[in-house]
Amino acid sequence: MDSASPGIAMTKSDKLEMAATRGQPISSATTSAEAVPTCAVNGSPSLSRKLSFGKKLMGSFKGGHHLRKTWSGNMKLDSEDVGSEASLSRASSASLSFSYSFTGFTALPEVSDTSRAFSNNENEIDLEVQETRKSLMSEPTLPIYLKFTEVRYSVVLKGITTTTEKHILHGITGSVRPGELLALMGPSGSGKTTLLSLLGGRITANIIQGSVTYNDEPYTKSLKGRMGFVTQDDVLFAHLTVRETLTYAALLRLPRTMTREQKKDRAMDAIYELGLERCQDTIIGGPFVRGVSGGERKRVCIGNEIIINPSLLFLDEPTSGLDSTTALRIIQVLHGIAKSGKTVVTTIHQPSSRLFHRFDKLILLGKGSLMYFGKASKAIKYFSSIGCSPLIAMNPAEFLLDLANGNINDVTVPSVLENKVQSKDLESNTRNGKPSPEDVHEYLVEAYEDRVADKQMRKILMPLPISEDLKATLSSQKRDWGASWWQQYSILFWRGLNERRHDYLSWMRITQVLAIAVILGLLWWKSSSTTTRGLEDQAGLLFFISVFWGFFPVFTAIFTFPQERAMLTKERAVDMYKLSAYFMARTTSDLPLDLILPIIFLLIVYFMAGLRQSIEHFFLTMFVVFLSIIAAQGLGLAIGASLMDIKKATTLGSVIVMTFMLAGGFFVQRVPVFISWLRYVSFNYHTYRLLLKVQYDRVPSSLNVTHLDNGVKEITALTVMVFAYRIMAYIFLRRMKLPN
């Protein structure tokens, strides 16, 4: 027995691990599945452990392959959990060592930093591919000192007859330096997200007072390239994989000086930095699509921002909805980012005690007022100095949130508040005995202003240890795009194609089109145009085709911009691309997908219904239907972009489509003059006339279609609609308010 581990006996697995680490050979006899008895700990007998590798593991010893890392290889212990029980942790690592599959014994690399859930070494080794990766956060960035003094924010609420002003923030002051993690904490409705948005330059409307500076300079557009902002909602494309999401972000946001391969490598660096390598080929998922877990989604959102190696990173409640372990990993990632020289500001709702101790600085808000700003480690000491101490052992964050809510249960009551309660009781002849939440809030705000506010203000107003040249770097008003217009268009085109092919080519949509096509083919089976009744039947089929492939694209395109509004707002806020490039890519990437189903539809209906059997006329029919689809799609885009609300757009779209259908020239032949202009703006009208012209060189008079020449007027009208509707949609998008 080895005496190197006093108090805990070494088992067979311990010896195997030590032999592997020292590079000693292990014979097959050593690896046999024999039970090894263990000695007693503190005089009490302990259970023996039995190790059985089995034939599979024995076979793997014969190969000369490399060491393969599994999920447990990514696990690291929190430094706060490793104390006097270190020897016990070392003993338990013997069992962890067999989560590795050995095909040739190699010494395991020691984990030097146990305070991070993911590796933060400058050179990170990926055992799976046996390559060395440079840590993304180790790259130098421009240090940014963030200061904000007496920040006030109000919104104007307009009623029917009156206008009121609601105050959200009341004179918030604070600062954060490179290398620090600042947490904004407070109950719901305290103004955390509003303050974060103001600091991140996301709010410019309503009434703003105070000063927010970055290296003593005001906010400029050049800061967008040095700032990351992770919103509370995970705004991601559901059908893209983790690697695709980060790769597209890298291609669009990283500077033009980097090559395409370098940008892709940066995306992979972010994946390994955040521990996402095992889910890099898994789709993100959404409400109806299964994908990565909640913690992985949040890390992907963080990766979208740190991929540009920002100097300043803002996060809005990154741990909401996550379990305590996953939340700890997220905060450890942020802590590591801060320690690499970045400035990190995050809001957080109710952290665990382990999360709370990761924060360098803390701002406690209550009803929009500042109750504490300073080091997080000194928050409890400060509140104890003003007479508010916990009576029982509790989570520091829970204690602070209780105070911010005005709840002083299990908390000592300051003498000032007790005297105030007694004086109120004497005046009202009642016996309350406890101060109200309003009294507690007022006391805490006044105590901070009297004791700490002036001292903190003097610290904030001290000159920064940076040169004037460094300050001037942030004062540039120039907007830097990560890619040229054509590159933006190309990247967004392929991203849109990869994202929407799952919806356009879903089995439900294909089944819908196939079913309708077969039903039409059966109802108009081998129809004939030799009789008047046969002509009328075929005209009815042609009109239905014009209506169906006008109705279908409109209601598909209506959802385009309203559904992507959150993504468009998020990406445009950081100048990821030009709106014109997005619009062109978004409208053209749908065309290949929009034209697949009509081809299948016409191949079934055209020949089953016995329409004009000629290759030339078949392709002309397909061309007319394609032109109608593109025109109808433009109308749907214009309706969706004008309202940006799915319910309103759907209602308006149904009214317009029904009007166009009624004015299409099939149901009503004699339309009053004052409303006859409707038929000329209806794509159904022009499509129906063109389909008749293709089928019958000379349209029979029995169909009551007049003034149909060679079809040039109808084609011109549809072509004008294709461009006019899209120009309208682009103008509506331009007028949509986006964050500056």
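Here, residue 1 is simply the first one shown, and the rest follow in order.
Even glycines carry a Cβ here, placed using N, Cα and C.
The region 'Disordered' annotation in TrEMBL covers 1-35.
Annotation source TrEMBL lists compositional bias 'Polar residues' at 24-33.
The feature domain 'ABC transporter' is assigned by TrEMBL to 146-392.
Only residues 6 or more beyond the boundaries of the transmembrane segment (504-525), in the same chain, are considered here, and those with a CB under 8 A from a CB of the stretch are 537-538, 541, 544, 548, 590, 593-594, 596-597, 600-601, 604-605, 608-610. Taken from TrEMBL, the feature transmembrane segment covers 504-525 (among others).
What TrEMBL lists as transmembrane segment is 540-562 (among others).
Feature annotation from TrEMBL assigns transmembrane segment to 591-611 (among others).
Residues 545-546, 549-562, 587, 590-591, 594-595, 598-599, 602, 606, 611, 649, 652-653, 656, 683-684, 686-687, 690-691, 694-695, 715, 718-719, 721-726, 728-730, 732-733, 736 of the same chain, all 6+ positions outside the transmembrane segment (617-643), place their C-beta atoms under 8 angstroms from a C-beta of that stretch. According to TrEMBL, the feature transmembrane segment maps to 617-643 (among others).
Feature annotation from TrEMBL assigns transmembrane segment to 655-678 (among others).
Here TrEMBL flags 715-733 (among others) as transmembrane segment. Within its own chain, the transmembrane segment (715-733) has Cβ neighbours under 8 Å at 561, 579-580, 583, 587, 627-628, 630-631, 634-635, 637-638, 640-642, 680-681, 683, 686-687, 690, counting only residues six or more beyond its boundaries.
Averaged over the domain 'ABC transporter' (146-392), the predicted model reaches a pLDDT of 92.
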